[in-house]
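For reference, TrEMBL has these:
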DOMAIN    5-368  domain 'Acyltransferase 3'
TRANSMEM  12-29  transmembrane segment
TRANSMEM  54-72  transmembrane segment
TRANSMEM  84-104  transmembrane segment
TRANSMEM  146-166  transmembrane segment
TRANSMEM  186-205  transmembrane segment
TRANSMEM  217-234  transmembrane segment
TRANSMEM  246-264  transmembrane segment
TRANSMEM  293-311  transmembrane segment
TRANSMEM  323-343  transmembrane segment
TRANSMEM  355-372  transmembrane segment
Amino acid sequence: MNRRHDIDALRVIAFGLLILYHAGMLYVADWDFHLKSTYVSEGLQGGMIALNRWRMPLLFLISGIALGLLRPAQLGRAALLRSWRLLLPLLFGMFVVVPIQPYYEALAHGHIEPGLGQFLLRYWQVRPWPAGTFSGAEFGITWNHLWYLAYLWPYTMLLLGVLAVLRQPWLQAPLARIRQLPVPAAAWVLLPIACEAFNLLWVMPRWEPTHALFGDWFVHAESLPSFLLGYAVARNETFWARVRRWRWATLGVAALCIGVELGLRTAGRHHVEVHGVWAQVPWYAVERIARAGYTWTALLAIFGWGQVALNRPFRWLPYCTEAVYPWYMLHQSVMIALAFWLIPLHLGPVVEPLLVVAGTAAGCLLLHECVIRRVAWLRPCFGLKARRREVIPALAPAPAAG
């Protein structure tokens with residue numbers, strides 16, 4: 001099967017949007033974040049919601065697709081390689097890259113005295129902090145935006161374990177018959193929407209997202225199926241042909257669904273009253289179902305248009321594919337540090353966010369290009385392979401965060 005340049009490109013674009021999304025968290029009103037600017041706005045909520053609904057499912061899908069395209073022959077070796085590429089960056093990130101975030105968060109809220117060195121000596125002891133010191137203080141240490149790595153590792157190990165069972169000789173005949181069963185076109189659209197609607201209506205009210213891995217049942221209910229589905233459809237040419245053919249329809253349905261969700265949220269926020277038969281409509285369920293419909297049809301539209309516009313060997317793609325992992329690990333720490341020093345300057349609602357985004361991109365570029373790529377022992381700490389004469393990044397599950 002030919003290399004899927006569109007999947008590589010979508011991963012790069014998704015992580016570019018991640019920087020903008022996390023920058024937006026500094027400025028969107030009523031949403032908690034490690035730091036908040038004085039220039040917050042409710043007007044950002046619509047765009048942030050529209051991006052929020054599919055950004056993490058997209059990344060889990062892409063990681064599953066990447067593994068499905070690779071189709072590793074030696075599952076034990078694949079498990080070791082994935083563990084190395086996921087757990088080492090996670091641990092390095094938690095102890096080296098991320099600590100600047102809780103430091104500036106605690107400092108900004110007056111919970112600690114200035115002094116990064118003193119903070120690190122305490123932080124590296126991995127002992128609980130007083131409640132509210134920073135996000136995750138009760139655990140003593142935090143992975144913040146690197147939570148995706150912590151989730152992707154058990155998902156990958158689970159999938160590889162299932163594959164080891166499914167490759168048993170006695171299962172090949174029944175599996176071959178199952179693969180020959182036709183999947184109705186409507187099932188590709190309706191079943192994922194139904195599953196997501198169930199998660200939103202039943203799972204989420206009982207288990208709010210925590211990103212703490214254990215007990216985070218809503219995030220698992222949304223993310224694990226996305227990862228497994230990505231693996232399942234990676235080489236399904238019928239699926240990809242349909243997704244490409246449906247790209248206009250799914251784009252239109254996604255626009256309709258997000259319009260319904262945002263409209264109902266706005267009406268609820270402004271306490272709009274309805275009377276008569278309209279008062280009998282279960283508007284909460286309608287909003288949840290519209291959200292589920294938007295999430296999946298937006299993903300289908302993204303993959304459909306990606307095949308049309310991105311499935312080509314762009315000159316920038318190999319470099320950016322390699323840069324994705326280090327930039328993912330670095331961006332939020334660079335951003336929080338910049339925001340801490342820029343917010344007190346009161347530069348205005350245009351200049352400040354522009355400097356935050358530009359400074360974050362510049363910081364990630366300099367650290368990746370001048371340090372990480374060129375220091376041999378740092379490369380695996382940021383998920384990169386050992387340097388070779390010609391660096392051709394492999395298509396492998398890449399991280400993401402939220």
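Placed from the backbone N, Cα and C atoms, the Cβ positions cover glycine too.
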Long-range Cβ neighbours of the transmembrane segment (12-29) (under 8 Å; 6 or more residues past either end):
35-37, 39-42, 44-45, 47-48, 51-52, 55, 58-59, 62, 145, 310, 317, 320-321, 324, 327-328, 331-332, 335, 339, 349, 353, 356-357, 360-361, 398, 400-402
For the transmembrane segment (217-234), the candidate among 54-72, 84-104, 146-166, 246-264 having the most Cβ pairs under 8 Å is 54-72
Criterion met for the transmembrane segment (54-72) and the transmembrane segment (323-343) (at least three Cβ pairs under 8 Å):
no
